[in-house]
Amino acid sequence: MIMSSQQEKKDYDEEQLRLMEEVCIVVDENDVPLRYGTKKECHLMENINKGLLHRAFSMFIFDEQNRLLLQQRAEEKITFPSLWTNTCCSHPLDVAGERGNTLPEAVEGVKNAAQRKLFHELGIQAKYIPKDKFQFLTRIHYLAPSTGAWGEHEIDYILFFKGKVELDINPNEVQAYKYVTMEELKEMFSDPQYGFTPWFKLICEHFMFKWWQDVDHASKFQDTLIHRC
């Protein structure tokens, strides 16, 4: 059942509710754009169970020691609150500069979106993360329920970046962050005190640790496939 506006205002953070009105790119299973849909529409399991699918990205930032920057999502987040995840996970919007019908156009769009959201969530200025240094690797199609009425059903573009960044955390988006080595992340996965987003665990289980071993040559892992997970 879709919750009433009055109930939402009582239960959820005002800023996070506002962001639920942003317009995502609804796609088919081949990542062909069909129309726009609000973030709220795209994340309701009622719609996901009918096949609604949207475009997303997952950014992984590594420092000069090849440590991965993780974030813990804020308690205020409507979907997957307080879970640990990769550096930044969000969506290109159905706006100029972030749309894309062909794969090269779509990759450029998600890079623009990633730069926008890295600033919004982590306060990373564009000068530290030039888009021409973003490495697109592949796309992953997955579905995962969250709590209550919410979930994810995405074609997720994977982006890598290696470099030094300065952070200015937005507490409405992120409650904590840390840099980890591959072994430290594996230890976190086995520690029950940590909870993780399903897409991050899925990416790590199927792809991430192989990519991480050769992060300086990540371009060799690039493909044009959509991996169904």
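From the backbone N, Cα and C atoms, a Cβ is placed for every residue, glycine too.
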Problem - Same-site substrate binder from LYS39, LYS127, LYS131, given that Swiss-Prot records GLN72, LYS77, SER90 - result: LYS39
Exercise for the section: Could you tell me which three-state DSSP class LYS77 (substrate binding site) falls into? Expected result: coil
Handout entry: Most Cβ neighbours inside 10 Å, all chains, among the binding-site residues HIS43, HIS54
Key = HIS54
Handout entry: For the Mg(2+) site built from HIS43, HIS54, GLU152, GLU154, further residues of that chain with CB within 8 A of the site's CB center
Key = CYS24, CYS42, ILE48, LEU53, ALA56, HIS91, GLY151, HIS153
Handout entry: Which same-chain residues, if any, lie at least 6 apart from SER90 (substrate binding site) yet have Cβ under 8 Å of it
Key = ALA56, PHE57, ALA113, ALA114, LYS117, GLU121
